[in-house]
């Protein structure tokens, strides 16, 4: 039967083209996402300045949060005491040890990296072990190979986790969509060969032989398709990675890496999906009695199996559960982490129930279709009702396309709107003055005394963690730390003081949200221990609590306290709030900047524009991956509809022999396409609505998502165009020949 399977693929290649394309593209997408994940795991950063070293010692950017199993990444460069250079130089096997300052702002007595070369006869691994032993009690890490570049680009450590998370989410989506698409396409391909398989049963083939033949065809087809996908899969992965670099998700210097692991994973996923689809689709053909095989090959068994219903209910339950979690647990940007997978589960669940739902939808839509289209519409409805399984097969990819496209595009547009709103609420200042170098503290006082200025404050931004008391609400992302000037903090920050005063933010002090202070069990004059972004520990006294928006997860510290613990090491920005006339204040600041102090001034419009450009860049990276998955669903629509329509040549020939013209048959096919598109669009819309409502409630407190209605209209138009194009063109080609020849040749 294996030999027969190979011959079938050879002489009936056209029947397997759609399944081949589904496997090929699905494997390529999974390989691309796998390459992104491997790149994040490896975080290969070939060194530049430190290229001549064998081992590089750098500050450890990873931080273990107290009382938690989660690890975090520190936001600032972790520097080392310059005295460690002598410690490393004294290690047995170290030929040279040289301290490097990679950022000009490094404080005196510190180094950013120590480049070590090995003596002849000492291996890199041995030298690394000895250095680790010598520095066992220090917050350092030793790097070799391409990891040495992490000392030059420490932000790559944090970006690796972002890339792994992003690739994992989209990779999971891609695997689910591609596996379902491959299984559905292969099942349709085998279903269309029902007469051929029935004939094999009628002439004496056993069920086991038939199953082996189907399995052999599937394995050969899958092996060829996935092997050919290896090169485009890597190219696609590199393309997506470049978009991540352009968006700033990954810093420049990190190199794309893809080994055999993503390739094998993609091959395994595509092969398992193909085998599953082949076994399910071939089960009926292999199980029927030979005397019934040919008779039942011409019939359409439109029932929905119990296993299909079971998996449909399972996926729909998962979608409901994620929706509940989205509303009750998630908040802020993390909300999309549950809403994204939910739309996939809803779309797949409804697609699994498509035979039942298609039958019901056809009953509802038959009356308007017949009323407006006459005989052609009547025939289209009869075909849909008589061949529910075939109709459901072509509805399935439209559900996936509409549901995934509508859901993911509105998820992103709603997230963009929420970010814009949060930025607007958080921006109290009317202007930002940026200095090329360290800001002179006296400059803040001069600006505050300008006419029309309500307040001015230094501004420093970092990230840190609360070590004591234990903070149960703290995530691995930590808390935003904002450095401010005590006298100008109230006028330039979006907070309302509850207890204490922001003017007391002098020395080692902190102000935090009142609800956060309540969770920690602290009040005024109590002490918090913070772990700052450069790993330094700092005890600070609470001098004020405040109310702020839910997204304002910030702690306020004096700018002169926080700035030395950032990579820049100094204050570079001043926030300015106007009393009444922002334009007049911006004019005063511009005249001050023109005096030649190396200052630049940006008003609110410029700040909003810069923030919008940054968000568009990040959104473009997400849209690129989303569009890739949507494009796969669109290609699945074309594959399924083209294959389904092209396989009806004999049916069209019989209609023409009984008196129907080519135009009448083509009109019927077009109306069938409209019916199929309508059912798929409605069910796909339902899948997206089931996801978008809880997401919108959690993210923007609205039942409807943010975004133009044109997004939905564009998705609907695309689904209609693809459906009609993939239906009418193959139908026209099937009608070109003589009717009698079509009946005989099929």
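Placed from the backbone N, Cα and C atoms, the Cβ positions cover glycine too.
No curator has checked TrEMBL annotations; they are predicted automatically.
Marked as transmembrane segment by TrEMBL: 12-37 (among others). Outside the transmembrane segment (12-37), and at least 6 residues removed from its termini, the chain residues within Cβ reach (under 8 Å) are 163-164, 166-168, 170-171, 174-175, 177-179, 181-182, 185-186, 188-189, 192-193, 217, 221-222, 224-226, 228-230, 232-234, 236-241, 244, 256-258, 261-263, 265-267, 269-270, 273-274, 625, 628-629, 632, 635-636, 639-640, 642-643, 647.
The transmembrane segment annotation in TrEMBL covers 163-189 (among others).
The domain 'ABC3 transporter permease C-terminal' annotation in TrEMBL covers 169-286 (among others).
Annotation source TrEMBL lists transmembrane segment at 210-231 (among others).
Residues or ranges marked as transmembrane segment by TrEMBL: 260-281 (among others). A Cβ distance under 8 Å defines the sequence-distant neighbours of the transmembrane segment (260-281), meaning residues of its chain 6+ beyond its ends; these are 19, 23, 26-28, 30-31, 33-35, 37-38, 175, 178-180, 182-191, 211, 214-215, 217-219, 221-223, 225-227, 229-230, 233, 237.
Among the features that TrEMBL reports, transmembrane segment is placed at 309-331 (among others).
Listed by sequence, the residues of this chain that lie at least six past the ends of the transmembrane segment (343-367) yet keep a Cβ under 8 A from its Cβ atoms are 173, 176-177, 180, 184, 302-304, 308-309, 311-316, 318-319, 322, 381, 384-385, 388-389, 391-393, 395-396, 399-400, 403-404, 407-408, 411, 675, 678-679, 682-684, 686-688, 690-692. Annotation comment: TrEMBL describes 343-367 (among others) as transmembrane segment.
Residues annotated as transmembrane segment in TrEMBL: 388-411 (among others).
Here TrEMBL flags 620-641 (among others) as transmembrane segment. A Cβ distance under 8 Å defines the sequence-distant neighbours of the transmembrane segment (620-641), meaning residues of its chain 6+ beyond its ends; these are 18, 21-22, 25-26, 29, 32-33, 166, 170, 173-174, 177-178, 181, 184-185, 188, 236, 240, 243-244, 246-247, 249, 393-394, 396-398, 400-401, 404-405, 408-409, 412, 673, 676, 718-719, 722-723, 725-727, 730.
On the 0 to 100 pLDDT scale, the domain 'ABC3 transporter permease C-terminal' (624-736) averages 84 in the predicted structure. What TrEMBL records for 624-736 (among others) is domain 'ABC3 transporter permease C-terminal'.
Residues annotated as transmembrane segment in TrEMBL: 674-698 (among others). Counting only same-chain residues 6+ beyond the ends of the transmembrane segment (674-698), those with a CB under 8 A from a CB of the stretch are 319-320, 323-324, 326-327, 330-331, 335-336, 339, 342-343, 346-347, 349-351, 354, 357-358, 361-362, 365, 369, 380-381, 384, 391, 394-404, 406-407, 410-411, 414, 641, 704-706, 712, 716, 719-720, 723-724, 727.
Taken from TrEMBL, the feature transmembrane segment applies to 710-729 (among others). Beyond its flanks by at least six residues, the transmembrane segment (710-729) meets 398, 401-402, 405-406, 409-410, 413, 634, 637-638, 640-642, 645, 666, 669-670, 672-674, 676-677, 680-681, 684-685 of its own chain at Cβ-Cβ distances under 8 Å.
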